[in-house]
Amino acid sequence: MSKFNRIHLVVLDSVGIGAAPDADKFFNAGVADTDSDTLGHISETAGLSVPNMAKIGLGNISRPIPLKTVPTEDNPTGYVTKLEEVSLGKDTMTGHWEIMGLNITEPFDTFWNGFPEEILTKIEEFSGRKIIREANKPYSGTAVIDDFGSRQMETGELIVYTSADPVLQIAAHEDIIPVEELYKICEYARSITLERPALLGRIIARPYVGEPGNFTRTANRHDYAVSPFQDTVLNKLADAGVPTYAVGKINDIFNGSGITNDMGHNKSNSHGIDTLIKTLQLPEFTKGFSFTNLVDFDANFGHRRDPEGYRDCLHEFDNRLPEIIANMKEDDLLLITADHGNDPTYAGTDHTREYIPLLAYSASFTGNGLIPQGHFADISATVAENFGVDIAMIGESFLGHLK
């Protein structure tokens, strides 16, 4: 019998809580990630008021320096810890796959100097459109359309760019290159990037609208991922008849593998929270696992190095946390975590190698405190033990600590 009939995992994308022990092996603009600290630096430089997460115990997580504006709680309502990544990457897919029990020992390919001509030429020949070569490098998704959107509107060329992540992204103005055409081009790009020397985690369609000086990316983004190289705990659950619900880009990250119910993409964090609440309210969802990704922290504020915007985004989530809890049942478990860091005060524009926080809450708890510090995959091991399925590759359950 399950200890919790339903478990709800919410990933606050990029909300790291301090440099990981191996941060010296990861870089931003040539600067090692050793001093990165997403939550710590936001709290220090922008001020951070998240009373609802603090009540669960966010401020109690062990750190060299306490979060400046997040108090510790003498009697928190939940259990907390921080988790370390073992996989060789700090990208979204690696983080989520490890959370679900995989150890990624061979990282995907990244292209710090842009994609080789062979790939670009193949995309041009397939699409019948030229590619803007000047955009072919690691680029902020908003900056690249600011810099080349006008040219694309005039010429119909494709904007192909990358980041420090193993991704190929194609941006296209919806009035110039229809979304369905963009999707077909991205599907082709996916087909030619499935093995080395260009093994990419994701191809991302990045549609946008607007006029020069006022371009906005739309919710028609679509990710073309590769399926995990072996079963994750999502597959174990689905195979055992335990329903799995994906909110936001979770379905894309796992390429649908192990997802029994895709609740759709998020237009924003707020929309994602709305969708999560609707999922919690589904009459047929009496037992199972929901998995939500809220990406605005990362996409809108981390990569843009905007600590004030990031702070406000955290405030928005914290303000709505009571709504999520109000729609949970007494025997539900809520787990709040992240997938990597993205310190908005740091060098460069890319992810940072950090610990991730873990907050656990249930109305059924009679205790509180610290969970032993562990690794990302401990989350999936806990979910697996609760529902009576095997773990994937790695992970140690902390279910017994939740009382």
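Placed from the backbone N, Cα and C atoms, the Cβ positions cover glycine too.
Note: Asp13 (Mn(2+) 1 binding site) has non-local neighbours Thr92, Asn293, Leu294, Val295, Asp296, Phe297, Asp298, Ala299, Ala338, Asp339, Asn342, i.e. same-chain residues 6+ apart with C-beta under 8 A of its own C-beta. Swiss-Prot lists Asp13, Asp339, His340 with the feature Mn(2+) 1 binding site, giving sequence analysis as the kind of evidence.
Feature annotation from Swiss-Prot assigns Mn(2+) 2 binding site to Asp298, His303, His351; the stated evidence is sequence analysis. All protein chains included, His351 (Mn(2+) 2 binding site) registers 32 other Cβ atoms within 10 Å of its own Cβ.
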Long-range Cβ list for His303 (Mn(2+) 2 binding site), cut-off under 8 Å, min separation 6+ in sequence, same chain only, gives Ser140, Gly141, Ser163, Asn342, Thr349, Asp350
The number of other Cβ atoms within 10 Å of the Cβ of His340 (Mn(2+) 1 binding site), counted over all protein chains shown, is 32
His351 (Mn(2+) 2 binding site) -> DSSP, reduced to three states, gives coil
Expressed in Å to no decimal places, the gap between the Cα atoms of His340 (Mn(2+) 1 binding site) and His351 (Mn(2+) 2 binding site) is 7
Under a three-state DSSP reduction, the secondary structure at Asp13 (Mn(2+) 1 binding site) is coil
For Asp339 (Mn(2+) 1 binding site), the number of neighbouring Cβ atoms whose distance to its own Cβ is within 10 Å equals 29
